[in-house]
Amino acid sequence: MSGIMRVPSILAKNAVASMQRAAAVGVQRSYHITHGRQQASAANPDKISKQYPVVDHAYDAIVVGAGGAGLRAAFGLVAEGFRTAVITKLFPTRSHTIAAQGGINAALGNMEEDDWKWHMYDTVKGSDWLGDQDAIHYMTREAPKAVIELENYGMPFSRTQDGKIYQRAFGGQSLKFGKGGQAHRCCAVADRTGHSLLHTLYGQSLSYDCNYFVEYFALDLIFEDGECRGVLALNLEDGTLHRFRAKNTVIATGGYGRAFFSCTSAHTCTGDGTAMVARQGLPSQDLEFVQFHPTGIYGAGCLITEGCRGEGGYLINGNGERFMERYAPVAKDLASRDVVSRSMTIEIMEGRGAGPEKDHVYLQLHHLPPKQLAERLPGISETAMIFAGVDVTREPIPVLPTVHYNMGGVPTNYRGQVITIDKDGKDVIVPGLYAAGEAASSSVHGANRLGANSLLDLVVFGRACAKTIAELNKPGAPAPTLKENAGEASVANLDKLRHANGQITTADLRLKMQKTMQHHAAVFRDGPILQDGVNKMKEIYKQFKDIKVVDRSLIWNSDLVETLELQNLLANAQMTIVSAEARKESRGAHAREDFKVREDEYDFSKPLDGQQKKPMDQHWRKHTLSWVCNDNGDITLDYRNVIDTTLDNEVSTVPPAIRSY
């Protein structure tokens, strides 16, 4: 550590001054740079760093991320009496949850008879039978309660004429186990449901004594003796380091859409949580399953909600034809997202695309009444005008499949506990570590997520993390002890990147990664392209050692932050493309031209009774686990079984079958 440059004295003085301000406002809510009343102490442990100011904190629980899942976990913990720190790299209401448009699924039955068991069936089918049915059982059963809870918090749902929560049609949703036609299950706030949900949860969190650490960048988890004991974070405002100790840590950092060139994700969606977990030698799960949303605005990538099709919009090709009935005769434009994205891509590949280059299709809305567009899709009308120059009451929107969601993430059980496997392949709980939302893989989405199940995932499993922690721990218990040098490796990495003086800039290397992933891990994949992508990504990963950071400061250093984020993105991208190349089948969002069939342990086109089950190494209905092994980006893969059992006898397992819409 002797080569680390010493922080200027003015920075140390600023850090002390900020702590004095924190003490002065200790009677107020702990917020922003406030260090949490009596839980913080000034420190500069020689064993970590003699150069960087360090502040130690002790809490009952830590939540990393303040989107929907993080906020729901945080105030759920505080409600149970746990002193909770919320660490977030941006203000809570800027979290990407705000970008969700269409709605949140729950079998309320406001539009017609509905049942959560039908919702469960649709979710298992939508996952292409890769989803864990105990977790899907839990989520869909809890869904009606979760939505009513949101309503009680004040979430301003759109209403029917008789005052009930309005529910629209959404892709892959059916009645009577797929035999009763289209379901209207998606509870909506016009086309701004995520915005409303995030503000509702944030407002609710302010009713509780959550300790917010806003614009703090989580650098790494702190592990000792095989258990998670805290988090090391960088205060972006003054450059101080903060070491948080707690018996329980919840990862709620969202996805990593920014590993791709065209995506609907905010620039902050950089997979920080999955990368932090990977650096502790723990696996990520099913990262090869990346959802392409059918309707991103052509050329911009901005999301156009599936709710447009739920309200009666439909897709047309360059010849003006409605083409989805060729691919999904029953559901048509409301087939599952992977089906619609592939259908659009086929239309374009076969020369029926729209525009001068015939490289996109159209979403038509102008046949809908202007009043319906104004009331149910006001945000889309605005977005289409800004980003495509289109008046939706007069002309169609040019659209193209765009990276939207990561089905994979940190593997967890349905209680939110992070899991790994032992040498016998059995699930093992990682003590002290939880995950929820897009950062997690519980796995309720399997190989493909149904639209409007993501917001449901956030609130159900954010709450589940809080409940599990409350069941297993008592508030006010002593925080775990740490070794004097806990976090030392993370500080060394920070300092190394801060003073990196290589040949390639962060922006240039990030662009190379994004274009490689976009081309080599797209809607359709095949062996040679995937293998080429694996080779290219390995070289890009190695080039990170030659990164150049221009800004050496510690105060609002966006160059340094983007470099830390790129380090996280590279880990996620590498695991994604290696896992995709290894999976020799087509399932859900993973569609291979050279392996077009789904490979289950049984022949799912026939009755399962009497069939011999294939060994695990002869089929692909299994979860991929991926580990980052070293600084060169080498990836190790293993697999774990899909959970087919439900939580109890109130609902039966959904057996694998042909998936058609």
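In case you wondered, yes, glycine gets a Cβ from its N, Cα and C as well.
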Message: Record says H293, T305, H404 bind substrate. Source is Swiss-Prot. Which of R258, R326, R342, R449 does it list for that same site?
response: R449
Field: Spatial separation of H404 (substrate binding site) from S454 (FAD binding site) - C-alpha basis, Å
entry: 11
Message: So, three-state DSSP: helix, strand or coil for R94 (FAD binding site)?
response: helix
Message: Quick check: of the recorded positions listed here (G65, A69, H96, I98, R337), which one has the Cα closest to that of R449 (substrate binding site)?
response: R337
- line: Spatial hits near R337 (active site, proton acceptor) (Cα distance within 10 Å) out of the binding-site residues G65, L90, H293 come to H293
Query: Using an 8 Å cut-off from the Cβ centroid of H293, T305, H404, R449, can you name the remaining same-chain residues around the substrate site, in sequence order?
result: G102, T264, Q291, P294, L303, E306, R337, Y405, G451, S454
- prompt: Counting across all protein chains shown, how many other Cβ atoms sit within 10 Å of the Cβ of A69 (FAD binding site)?
  reply: 36
Query: Distance between H293 (substrate binding site) and A69 (FAD binding site) at the Cα atoms, whole Å?
result: 21
